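Notes to accompany the following structure.
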Amino acid sequence: MPNHHTLLSSSLFPVGSNISTWWNFGSMLLTCTALQISTGFFLAVHYTANINLAFSSIIHITRDVPYGWIMQNLHAIGASLFFLCIYIHIARGLYYGLYMNKGVWLSGTTLLIILMATAFFGYVLPWGQMSFWAATVITNLLTAVPYLGNSLTTWLWGGFSINDPTLTRFFALHFILPFLITSLSSIHIILLHNEGSNNPLGTNSDIDKVPIHPYHSYKDMFMISSMITLLFIVLSFMPDLLNDPENFSKANPMTTPQHIKPEWYFLFAYSILRSIPNKLGGTLALLMSVIILTTTPFTHTSYIRPMTFRPLTQALFWTLIATFITITWTATKQVEPPFTLISQVASVTYFSFFIINPIFGWAENKTMMNN
């Protein structure tokens with residue numbers, strides 16, 4: 001094997017030789033983080049956090065700043081790509097039982113929550129019509145908190161309605177949180193290196209390890225290159241593919257959009273929120289849709305770690321994926337039959353996975369013991 005740079009070699013740990021492409025999404029997420037922070041910095045240089053100037057400053061960036069349209073679209077499309085990668089990353093973790101490494105899984109779930117908060121704050125910044133109303137609807141959920149709700153909402157808004165102080169603090173939070181994400185990502189990786197990566201078979205990799213470089217690093221580079229290629233294809237030919245047409249209009253508190261909805265990556269949680277006709281119940285369900293991921297390390301009952309050799313649980317997993325897509329789709333529709341019923345059934349099915357999965361694990365154990 002050729003000699004490599006000492007610093008590079010010492011920082012790259014040996015891993016199992018059989019890890020698949022599903023293990024590449026960690027490095028892709030790291031690339032997305034670097035891309036978002038770098039493009040975000042250049043956008044922040046030209047952005048003005050003022051309700052009268054924010055929308056105009058976005059137009060200024062797109063039209064007047066050299067390559068500003070590239071920065072703005074890279075940042076917007078990059079956010080969608082970030083969430084696509086993180087959802088695949090989480091699905092891989094659920095399928096292969098990576099949640100059994102509790103420190104890594106819980107730090108990852110914390111990262112997801114902070115990432116969702118960061119993306120929400122960022123969505124408000126252009127001060128378009130959908131940005132304003134999405135912020136109004138979501139921040140209003142704080143009023144569902146007993147006793148403290150109204151005080152918390154006023155504190156978050158910086159007044160009695162969403163106004164200039166709200167935009168200023170959202171910009172400050174959107175700027176600072178990515179650095180917290182970077183720090184937590186470092187902790188996430190350090191915790192992972194305590195035990196090392198799992199593999200598709202769920203077996204101990206100690207007997208068959210290879211250096212990350214060059215074997216797995218080239219695979220990482222290929223997937224990162226593919227991701228960046230996809231990013232630039234969308235940027236060049238379909239830059240507004242994931243934008244809401246309502247957001248091309250400046251925020252107007254006097255006019256409500258016909259259908260208020262957040263970005264696609266929040267639609268699953270938003271659909272769960274809408275499916276419950278009670279404000280407090282919907283808010284709790286919204287929070288639980290993400291927090292419930294933290295329960296998986298404590299409810300795993302099967303003797304076998306991954307789902308690779310568990311056909312019953314595999315069927316349950318793919319039902320969860322289909323449910324996730326269905327919930328996302330229903331959130332794009334109006335709150336009317338049959339979409340209300342579909343989202344309610346899909347929401348129950350989504351949460352059922354986390355209840356039925358341990359039961360299936362227990363049933364599989366019984367079957368194995370009998371055989």
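Cβ from N, Cα, C; glycine included.
Feature annotation (Swiss-Prot): of 259-279, 280-300, the stretch labelled transmembrane segment is 280-300. Annotated by Swiss-Prot as transmembrane segment, the relevant range among 25-45, 46-66 is 25-45. Here the transmembrane segment (69-90) has Cβ contacts under 8 Å with residues 22, 25-26, 28-29, 32-33, 35-36, 39-40, 42-43, 58, 61-63, 108, 112, 115, 119, 122, 227, 230-231, 234-235, 239, 241-243, 263-265, 293, 324 of the same chain, all six or more residues outside its ends. When the binding-site residues His75, His89, His174 are compared by Cα distance to His193 (ubiquinone binding site), the shortest distance belongs to His89.
Looking at His89 (heme b b566 binding site) and His75 (heme b b562 binding site), their Cα atoms lie 20 Å from each other. With a cut-off of 8 Å between CB atoms and residues at least 6 apart in sequence, the same chain places Gln36, Thr39, Gly40, Leu43 near His75 (heme b b562 binding site), listed in sequence order.
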